[in-house]
Amino acid sequence: MSDSNSDESDWPSDDAPPDAGAAEGQSSSQGAPEPASPAAEEEPKKRGGFLKELVIVVGIVLALMFLVNTFLFRQYVVPSESMEPTLHGCYGCSNDRIVVDKLSYRFSDPEPGDVVVFKAPTESWEGGWMSPRSSNSVIHALQDGLSLFALAPPDENNLVKRVIATGGQTVECRNDNGQGVTVDGQPLTEPYVDAGLQNQTYAQSDGVSGGGSCYGPDFGPITVPEDHVWVMGDNRSASADSRAHVVDEFQGTVPVSDIRGKVRFIMYPFSRIGGVGSVDPQ
């Protein structure tokens, strides 16, 4: 009797009760991690691919902006009214934004009638100009970097005027002879000068408003050195151009090497979009 009871109460070591085996199998199934779905594995790859493509696209765009800005075209803002009515500029209004061709003068020289942007060649041209750069060295360096991509203005005083005479030519103006500006003794034809805008400050021999006036003091004769140009604003009585700098080392002329490019067209405001042509006054 005792042996029979002992056999019924002791299970063989390699035989488990059915219920226990079932419970153990269920517990093992619930604790194991489920394999990741293919879609979940693809998400990080997609994000990484997008960021990589974005960096490449931004890099290409910046490289193109640098090349265009350095060698082809650059945008400038007309700072004053000195080129009215050809170009508009004033304080507190929508100044013209112009596009300057930087490529032309790599293969040819400026010609009379060209509207050009140039760097102030001497201190006498600086006037009240102030650098647009921050006094903070870090921000200053950032602005210099952005300027390479035309995202910040250059750190130089750029002006816009019209070429009147080139190297070897002699320019002059006398209020008492009624001829206005002459180059090599010949009066100029200047349809871009609006006589109605000019201040009639200086005496004119013919007595006719706007006729034969220099719209400023007499100047010259001045012979333009080679590789230099004589420039004037279309709004003669409101332009501090070559006439205002005849006492400096270049006698008011501008070295061709300081010319940044030729003005091609107005891009803004939209109401004034259009080309800026060259009108040869000679």
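Cβ from N, Cα, C; glycine included.
The number of other CB atoms found within 10 A of the CB of Ser82 (active site), across every protein chain shown, is 23. In the three-state DSSP reading, Ser82 (active site) counts as coil. Annotated active site per TrEMBL: Ser82 (among others), in sequence order.
What TrEMBL records for Lys161 (among others) is active site. A strand conformation is recorded for Lys161 (active site) in the three-state DSSP classification. For Lys161 (active site), the number of other Cβ atoms no farther than 10 Å from its own Cβ, over all displayed protein chains, is 24.
Annotated compositional bias 'Acidic residues' per TrEMBL: 1-17, in sequence order.
According to TrEMBL, the feature compositional bias 'Low complexity' maps to 18-39.
Taken from TrEMBL, the feature domain 'Peptidase S26' applies to 52-268.
For 1-44, the entry in TrEMBL reads region 'Disordered'.
Annotation source TrEMBL lists transmembrane segment at 54-73. Remote same-chain residues near the transmembrane segment (54-73) are listed as 99-103, 148-151, 261, 264 (criterion: CB distance under 8 Å, separation of at least six residues from the stretch ends).
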The average per-residue pLDDT within the domain 'Peptidase S26' (52-268) comes out at 89
Lys161 (active site) sits from Ser82 (active site) (Cα to Cα, rounded, in Å) at a distance of 8
